[in-house]
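Student: Take this structure, written in structure tokens, and hold onto it; I'll ask about it next.
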């Protein structure tokens, strides 16, 4: 049983397969587990195991996702594969399965297709940092020149979406032949994984990032001062350190004079901890839910941004009718609803559309009525009367 051998002393990286329907994403995922299983680094997952992905719910949105784990000599991987295009859109936008990098699967028999482009754009918009290309079904193309042309086309496509098209590794594979155990194609899967090891950077750990905690509640403790509670999203905060309060009103600085967790006093709080932070010189009226406490200067408040948004279908509890430019919903950001306006939008392929239908994937420009601590890649929900009607990710900050 390979299960016993999984060690947790290797760095952990989250990846996934993306690309056009029927280009072999799931077959390739199965092939990776088949090849690595021979070295005791994975459990064999067959196409049917992966394809029958259970439904998951993330922020009320139903997504089908298969999770596979395996390891190489240097890393441990969690790999996500989605059966349908809509599942990818939802997955990448909600961040249900965060990806540190992705394997773009493109069939040599077809070349890049509509969803190949859409997935590259999505990867760019939601901030997937690195890609590796698996040129699949190469066993079905006899002419080496055709394969070279497809590779060139993919590289140009990647460059057009601001990925380093000339430098991204492109590996010729055949998922099917590798599963069937043909040595030449098994070696190609190993080559692919070596490329993934080498070119998908190791993610920075949450504790190593600059401190950020979204305020969930505020209390006043007589004789001691004001306490803000919440879950530390990233970084570390130590007693005596200066932090900045950002969002809703003008940013201001304060010093953390105490860190409490489960009624015990600590020297520091770190990413993942639910804590109360005692703040010097701050009145209860000065801070509120929706603000964030951060390492000074590490994040700034903004009102205007662009986002990639998935609009829920009626069956998912979304709207029953379309909306138009000028629509004013609430944007739920971290811990609070902020009213805003969707001033403009374009369709998934960048074309202009008059209205947005439930089930659409759009790029939109939003403007909030008050500034909120915002950064690229930040997730948000769009709500109307307390129910979620869309999920989004910030792709550009305007002002």
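All positions are counted from 1 along the displayed chain.
Here the Cβ of each residue, glycine as well, is placed from N, Cα and C on the backbone.
What Swiss-Prot shows for this protein is this:
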- 19-26, 81-85, 136-139: GTP binding site (BINDING)
- 26: Mg(2+) binding site (BINDING)
- 10-204: domain 'tr-type G' (DOMAIN)
- 19-26: region 'G1' (REGION)
- 60-64: region 'G2' (REGION)
- 81-84: region 'G3' (REGION)
- 136-139: region 'G4' (REGION)
Student: Which of 19-26, 81-84, 136-139 has the most Cβ pairs closer than 8 Å to the region 'G2' (60-64)?
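Tutor: Comparing 19-26, 81-84, 136-139 against the region 'G2' (60-64), the winner is 81-84.
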Student: Helix, strand or coil at residue 26 (Mg(2+) binding site), per DSSP?
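Tutor: Assignment for residue 26 (Mg(2+) binding site) reads helix.
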Student: Between 0 and 100, where does the mean pLDDT of the region 'G2' (60-64) sit?
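Tutor: 81, rounded to a whole number.
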Student: What is the separation, in Å, between the Cα atoms of residue 26 (Mg(2+) binding site) and residue 82 (GTP binding site)?
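Tutor: The separation of the Cα atoms works out to 8 Å.
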Student: By a 10 A CB contact count over all chains shown, which of the binding-site residues listed here is most packed: 25, 85?
Tutor: 25
Student: Tally the residues of the region 'G4' (136-139) by DSSP class, grouping H, G and I as helix, E and B as strand, and everything else as coil.
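Tutor: Across the region 'G4' (136-139), the residues distribute as 2 helix, 1 strand, 1 coil.
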Student: Could you tell me which of these binding-site residues, 82, 138, has the fewest other Cβ atoms within 10 Å of its Cβ?
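Tutor: Least crowded of the binding-site residues 82, 138, by Cβ count within 10 Å, is 138.
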Student: What number of additional C-beta atoms lies within 10 angstroms of the C-beta atom of residue 19 (GTP binding site)?
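Tutor: Summing over all protein chains shown, residue 19 (GTP binding site) has 26 other Cβ atoms within 10 Å.
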Student: So, in DSSP terms, is residue 85 (GTP binding site) helix, strand, or coil?
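Tutor: Note: residue 85 (GTP binding site) is helical by DSSP.
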Student: Determine, from DSSP, whether residue 19 (GTP binding site) sits in helix, strand or coil.
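Tutor: Reduced to three states, the DSSP call for residue 19 (GTP binding site) is strand.
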Student: Do you know which of the binding-site residues 22, 26 has the most other C-beta atoms within 10 angstroms of its C-beta?
Tutor: 26
Student: How does the region 'G2' (60-64) divide up by DSSP, counting helix, then strand, then coil residues?
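Tutor: Summed over the region 'G2' (60-64), the classes give 0 helix, 4 strand, 1 coil.
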